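Note sheet for the following structure.
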Amino acid sequence: MAPSTRSPVMHETDEEDWFAEDDAAAPAAAPPTEFDHIARLLRPLTRGDPVALDLLDDAAVLPSRPGYDLVITKDAMVAGVHFLAEEALDVVARKLLRTNLSDLAAKAAEPYGYFLAVGWPSGSDVASRETFARGLAEDGALFDISLLGGDTVTTSGPLVVSATFLGWAPQGETILRRGAKPGDRLMVSGTIGDGWLGLLAQWGEVMDADGAMLRRYRQPEPRVTLRDAMRVHAKAAADVSDGLLADSSHIAKASGCRVRVDLERLPLSPGAQAWLDQQPEQVEGRISLASGGDDYEIVCAVDPNEAWAFRVAAAAAGVKVSEIGEFVEGEGVSAYYKGRDVTPSRLGWLHG
């Protein structure tokens, strides 16, 4: 990240504020003061957390927590790249929070709070900022997380939003990508392929009569309730953002082994199964579902002797998990279907 001379938290002396606009685009009427919009839009997002210092200072002060590790993750999204430019901004806000929460879930970390950065396109109106803040507030209450600070700027480019999330994990118990061993089972939460199909539905390329797949794409469900079961049973994990095949391969690479994915055992929703039933080639259809991404499920390595106990613990947390493959000697990722080896035509999304 490039160095910045700007303050790391939103506060009353920032030059660029939540409602900042170019002078040429400013309305004739005087805009609200910085105190007004910080108090009205941003301060409520702190939910009274003393760490945020009411957004009156240049930094947040985070107390240490003996016996715990601080887990930090960051995601950024750009209009026209990660979401449609015309997407409702409360939806954008909620997806930003949920993708970060999914990263913490993969580490079995308890979410604590977040720092926010927004690059508003020049000329953005007050209503846009209000809608964005509403989405943050809704999910802040839903997931019990608070805004701790951040920054806003005005840009000549598209809307850019970024969040840095903090979470706690008992010392030494953070689940990493490395840790899988040959013989471990590959297991995944929820269902696979709905996020990708939801994106296609948003483009009008697939039918989504009840809107279930579109909801999965726009508002993923981070598996934050799975952390206790993971701490006991998971040896390595990742969240499924780039695609099940790609993210499984990340675990294998970090762990120094190979992962084999059984395409026949992919857990599918009724909508995904209906789509698959219409495909002329089952294997290619399953590869598409396993490489599409945006599922935000948890894929993990579990000792074979722990697999059943993990299922039970996950079910108690309200999450279904399925066994979909195994780790073996070697490197990389491979797939098979009905006992026959398959070479995937793609694994998932690549980051530039």
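Cβ coordinates are placed from backbone N, Cα and C, and glycine is handled just like the others.
Marked as Mg(2+) 4 binding site by Swiss-Prot on the basis of sequence analysis: D58, T73, D103. Annotation comment: Swiss-Prot describes D58, D103, D239 as Mg(2+) 3 binding site. According to Swiss-Prot, the Mg(2+) 2 binding site annotation covers D75, D103. Marked as Mg(2+) 1 binding site by Swiss-Prot: D75, D151. Residues or ranges marked as substrate binding site by Swiss-Prot: H82, D294, W349. Here Swiss-Prot flags G150, D151, R177, S241 as ATP binding site, drawing on sequence analysis. Annotation source Swiss-Prot lists Mg(2+) 5 binding site at D242.
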DSSP says D103 (Mg(2+) 4 binding site), in three-state terms, is helix
Which one, from the binding-site residues D239, D242, D294, has the smallest tally of other C-beta atoms lying within 10 Å of its C-beta?
-> D242
Hey, what's the widest CA-to-CA gap across G150, D151, R177, S241, the ATP contacts in the record, in Å?
-> 31
Hey, of D58, G150, D151, R177, D294, which of those binding-site residues are within 10 Å of D242 (Mg(2+) 5 binding site), Cα to Cα?
-> D294
Of all the binding-site residues given, namely D75, H82, D294, which is spatially nearest to G150 (ATP binding site) at the Cα level?
-> D75
Quick one: give me the count of other CB atoms within 10 A of the CB of D103 (Mg(2+) 4 binding site).
-> 21
Smallest Cα-Cα separation from D294 (substrate binding site) among the binding-site residues D103, D151, D239 is shown by D239
Based on Cα distances to D239 (Mg(2+) 3 binding site), point out the closest of the binding-site residues D75, D103, D151.
-> D103
Between D103 (Mg(2+) 4 binding site) and D75 (Mg(2+) 2 binding site), the C-alpha gap once rounded to whole angstrom = 9
Count of other CB atoms lying within 10 Å of the CB belonging to R177 (ATP binding site) | 19
